[in-house]
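**Q** This is the feature table in TrEMBL:
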DOMAIN    A:3-107  domain 'Glutamyl/glutaminyl-tRNA synthetase class Ib catalytic'
MOTIF     A:9-19  motif ''HIGH' region'
DOMAIN    A:115-278  domain 'Glutamyl/glutaminyl-tRNA synthetase class Ib catalytic'
MOTIF     A:209-213  motif ''KMSKS' region'
BINDING   A:212  ATP binding site
DOMAIN    A:292-431  domain 'Aminoacyl-tRNA synthetase class I anticodon-binding'
RNA sequence: GACCCGUUCGUCUAGUGGUUAGGACUCCAGAUUUUCAUUCUGGCAACAGGGGUUCGACUCCCCUACGGGUUGCCA
């Protein structure tokens with residue numbers, strides 16, 4: 001069997017992380033089985049559809065790296081892939097229902113007559129679930145065609161899945177109770193239904209239902225906030241699915257290799273940005289220095305910092321210090337700026353050390369005398385200067401760091417010295433010593 | 001209200017009758033790095049509650065509580 005999955009969002013807002021995860025699981029399952037991943041846009045709600053929302057779907061999917069095989073921009077043999085263009089298909093299948101006397105008119109709309117019997121589905125994640133359709137309380141005959149002639153979600157969704165030959169429907173658990181309705185439709189059409197897998201929903205950090213406006217709800221926010229798509233994909237995959245090993249850091253390709261619906265759990269997961277940030281850092285560390293510098297550049301520019309020729313080295317020096325790209329500007333600003341600000345706390349610490357002023361002044365002269373400037377020769381000078389003044393090298397490291405960066409933490413001191421160069425280092429040392 | 005699904009450290013999770021209940025994030029402490037970060041080691045921290053079944057339940061059954069979902073001429 002050739003596996004065909006689909007992601008079928010409606011363009012009524014931005015791309016939601018819950019939707020993105022649904023898309024991811026469909027993508028992983030299709031790729032895992034060398035199948036086809038279809039992107040279908042369910043734009044039947046004319047009143048709420050917007051072009052921005054359409055674009056957000058494609059942009060979000062592309063950013064995450066979830067490339068689809070059929071749909072927008074790709075074509076395919078089962079189009080059109082926008083429901084708004086498929087009316088003729090729906091009319092055709094609606095006639096089938098009519099001919100079989102499975103629909104009846106009600107106030108101008110058409111309702112589908114459910115068979116009144118228990119419907120059991122075998123869900124790939126939830127197992128067997130039975131809904132009793134003899135209980136009319138929860139299962140009134142559903143409208144499939146509105147009085148204005150348009151068709152409702154349940155109907156078009158089933159017709160599309162059937163015509164597009166979808167074999168596996170992986171969707172959010174909010175659709176679990178819809179599935180018997182869809183099964184009844186398939187049965188009425190005389191068509192074998194696809195297999196279903198309902199994945200648990202994503203909740204807010206406090207356990208409440210995640211909806212629009214909630215932190216982290218929009219996929220587009222992640223790129224703006226400096227997350228890597230690999231980090232977000234990795235995080236989303238681990239929400240409700242697990243590889244049954246202690247490994248956690250995976251690329252998209254590795255996820256494809258390990259993915260299985262059997263390892264999807266059934267309980268909803270909360271959204272913990274802390275772990276997402278950590279995963280992001282793990283993926284940041286996998287980047288080459290050049291790729292890292294390129295990825296961080298927009299954030300450095302946005303912070304108003306000049307991209308000088310020191311930038312590539314500066315970016316490389318802070319690569320291991322950040323979890324998120326927006327942290328980069330503050331981490332390397334002193335390497336790009338001519339005038340640096342000395343932070344209060346480290347300054348106070350240095351002032352506590354009575355010998356600091358003399359030590360730093362002596363170090364400046366020692367630096368000035370170095371012929372072949374490098375991280376090693378500079379660090380050697382620190383050691384010698386400290387010793388000559390009866391201090392330990394470690395005692396001089398911190399004041400030097402503060403003099404050069406204005407901060408208590410940051411890149412390796414050797415890196416800082418090498419990037420700044422001899423003249424700039426001497427200059428900063430002298431000017432700082434004078435302030436003490 | 002009715003119906004459906006769920007409930008293991010704060011969070012993500014492993015665990016399918018007998019385990020010192022494991023890992024990861026966060027936090028804390030040590031080590032290493034002559035500095036910072038990384039890294040390493042260690043620590044804190046969980047089976048929602050009550051009944052059964054069983055020699056023995058986190059694991060099976062029932063009830064309760066809590067959470068989520070569905071119950072639209074939204075998708």
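Glycine is no exception: its Cβ is also placed from the backbone N, Cα and C atoms.
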**Q** Mean pLDDT for the domain 'Glutamyl/glutaminyl-tRNA synthetase class Ib catalytic' (A:115-278), as a whole number?
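**A** PLDDT averaged over the stretch: 91.
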**Q** Are there residues at least 6 beyond the ends of the motif ''HIGH' region' (A:9-19) whose Cβ is under 8 Å from a Cβ of it, and what are they?
**A** 41-45, 48-51, 53-54, 56-57, 59-61, 172, 201-202, 210, 212, 216-220, 236, 271
**Q** How many of the residues that make up the domain 'Aminoacyl-tRNA synthetase class I anticodon-binding' (A:292-431) does DSSP mark as helix, as strand and as coil?
**A** 102 helix, 0 strand, 38 coil
**Q** Counting by DSSP, what is the helix, strand and coil composition of the motif ''HIGH' region' (A:9-19)?
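**A** Within the motif ''HIGH' region' (A:9-19) the tally stands at 3 helix, 1 strand, 7 coil.
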